[in-house]
Amino acid sequence: MDALITTETGHTASVLPLSTTPAPSYLHFFLEYQDNSVIVDHYNYTGKLKNRCEGLKPESIAFLVVCLLIVLENAVVLIAIWRNKKFHLPMYYLLGNLTLSDLLAGITYMANIIMSGPNSLKLTPLLWFIREGGVFITLAASVISLLAIAIERHVTMVTMRPYHGAKKGRMWALIGGSWALSGFLGVLPILGWNCMHRLEQCSTVLPLYSKSYILFCVSVFSAVLLAIVVLYVRVFRIVRNNTQRQRQAFSGSVRKGLARKSQKYIALLKTVTIVLGVFIACWMPLFILLLLDFFCPTGSCNLLYKADYFLGVAIVNSLLNPIIYTLTSKDMRRAILRLLCRPCLMTRDGQVKKLGMPFLECSFSKTEVASQKLETGLDTTISSGNVATSPSPIKALYPKVFKS
């Protein structure tokens, strides 16, 4: 209500009272994210200030070395894909996306290690969210890229035809979707899903993250793992059923060729087993730790203060992904060897020198190019990131596919 005052001339005038409304919420939001004392309060509440040492710990230095290897290894693979036109294909683009996410994961985790320890208390909440969110987004992109590759392999096997020019939209949708979902999950805390000023809801592993957010992320990644398992199981069953159908439909010399072909789905099963085994071995310990973080009261579980080891194991997955998904391809091995040291490792006719290493000593065939198509009568079996092709009478088994 306005106040009335009388002036010296006898006139009355109204005076508006001073505004008592609070500052805009966005300004308050910004000021909170610049308050360094928030970091100290949260770390003190969760007990992470205890036993804090100055400088980098020996295990942190070891993780830095691993991250450096991750960056170098994935950089080599990316350069090999970029320099070789035969790899400018949708499946290799998906592998390149996985390689890029792993490379960025190595870089962001290196930055995270350097900014951790005593440097954590020097950060504002905004910088803390950026530090942790960077690692989270790149690791999430790596995991979701594995799902994108599994989806592509499954779709290719179900439709029984590789990519055409008009089908590249699916590849870009998978790549864009993987980064969009990763970015969305990573920015949720900075947008408000955190525990600032709600200490009882805070995670011990990540003191500014809400326990409910941690549980949500574990649920999402568990669903991704389950989807990868289901898709690869279906891919394996399709390959096995196709092989059995061909055995029953043909006889004589053709059947002998199909007998050799039956070994392909066994190789596929081995590859899938390695893929899922490494993924579970690297990520499951961290998933279990984060679930323990959700259910365990603050300060009562000492194992939660060893989270760096569990995250380091998960990072190792980014070191192994290029080996599993690309270096098992003979064409990729050849490209990488040429890139690293062609005179040292390869002969003039393009063969690998005998070095006493079975992994490197392999013959290379032009028929392993992934661009070979089913329309020419070639049966496609997707194994370790490349498309292996061999002549087969598959047109007789799927006549409608090739007429359409």
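Positions of Cβ are set from backbone N, Cα and C atoms, glycine also.
Curation plays no part in TrEMBL annotations; they are all automatic predictions.
TrEMBL has this to say about the protein:
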- 61-82: transmembrane segment (TRANSMEM)
- 73-325: domain 'G-protein coupled receptors family 1 profile' (DOMAIN)
- 94-114: transmembrane segment (TRANSMEM)
- 126-151: transmembrane segment (TRANSMEM)
- 172-193: transmembrane segment (TRANSMEM)
- C195-C202: disulfide bond (DISULFID)
- 213-235: transmembrane segment (TRANSMEM)
- 265-289: transmembrane segment (TRANSMEM)
- C296-C301: disulfide bond (DISULFID)
- 309-328: transmembrane segment (TRANSMEM)
Next item on the list: Please give the average pLDDT for the domain 'G-protein coupled receptors family 1 profile' (73-325) in this predicted model.
Entry: 84
Margin query: Cα-Cα, whole number of Å: C301 (disulfide bond) versus C195 (disulfide bond)?
Written below: 19
Item checked: The one of C195, C202, C301 whose CB sees the fewest other CB atoms within 10 Å, among these disulfide-bonded residues -> C301
Checklist line | For C296 (disulfide bond): intrachain residues, at least 6 apart, with Cβ closer than 8 Å | finding: T204, L304
